[in-house]
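Engineer: I am attaching a structure below and will ask some questions about it afterwards.
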């Protein structure tokens, strides 16, 4: 659907989705619904296990609770609307589109800085184990968890305000399955250069600052691990970091591939695959990454289940 609105912004957008084939749409609906249900179960389960087991009331699992909350929210911002579009109407209102873009950017930025906070926690645990409880005080933990949300809100607010000043009256067709910056910028009838530069600075600074702090933390962690004499000690220290490193690698590689490039290099097929990965797949992977290799979480699940059985 195309239409001119006499210099008036469109009232709604049309999300073209991933495919026009009804058979493939139904298959994607079933797949995405299954992934979303597993995402809900995994992240809510992780939050509940950490809350219910006192032995997991530590800074590491405090941050992991918020990571699960962000992943759950992150997926909820995109997946339900995507599922609805696959079955029924693919319309989204102008306000709804920008609201989706705001929360998506807010949660994405918050997760970047939360991963930095988690890296600092691992640095304190491995490099200063005797002073860990003093370093990771309640006040510092609250600061490290509040900061990502505040920065995420500010960055997302600036992003959405700058995007809302653009005009969209030539076309309302978004060649994507959700409201993201690149395909929406492509619809604008006005010059987007300043907006693109601003978004590039926001996204670039977020990725650079968070990646720098994560990298710096792991450089110190690596030097500390190399100084450990026993092989078992090295393996134990490394095992506490491998889950976080894997999560960071997957999350940042897709973000950098998608956002740190000029709009002219936007590729519909490639970018949609990357978007599916970090909006739908990554939120379901994190609970698996942080629990399957974690004996403390497994033991906590057993303890919670045993307490439930004993209480009957």
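Including glycine, each Cβ sits where the backbone N, Cα and C put it.
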Engineer: Looking at residue 227 and residue 14, does Swiss-Prot assign them to the same side of the membrane (meaning the same named topological domain)?
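Structural biologist: Judging by the topology that Swiss-Prot records, the two residues are on different membrane sides.
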Engineer: From 6, 229, name the one Swiss-Prot lists as N-linked glycosylation site.
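Structural biologist: According to Swiss-Prot, the N-linked glycosylation site annotation belongs to 6.
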Engineer: Looking at 56-76, 77-97, which stretch does Swiss-Prot describe as transmembrane segment?
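Structural biologist: The listed stretch tagged transmembrane segment in Swiss-Prot is 56-76.
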Engineer: How many helix, strand and coil residues does the topological domain 'Extracellular' (161-197) contain under DSSP?
Structural biologist: 14 helix, 3 strand, 20 coil
Engineer: Most CB pairs under 8 Å with the transmembrane segment (27-47): which of 56-76, 100-120, 140-160, 198-217, 238-258?
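Structural biologist: Stretch with maximum Cβ contacts: 56-76.
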Engineer: Can you tell me how many other Cβ atoms are located within 10 Å of the Cβ belonging to residue 97 (disulfide bond)?
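Structural biologist: So the Cβ neighbour count for residue 97 (disulfide bond) comes to 24.
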Engineer: The topological domain 'Extracellular' (259-271): mean pLDDT?
Structural biologist: 61
Engineer: In sequence order, which residues at least six apart in the same chain have a CB under 8 Å from the CB of residue 189 (disulfide bond)?
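Structural biologist: Long-range Cβ contacts: 166, 167, 168, 169, 170.
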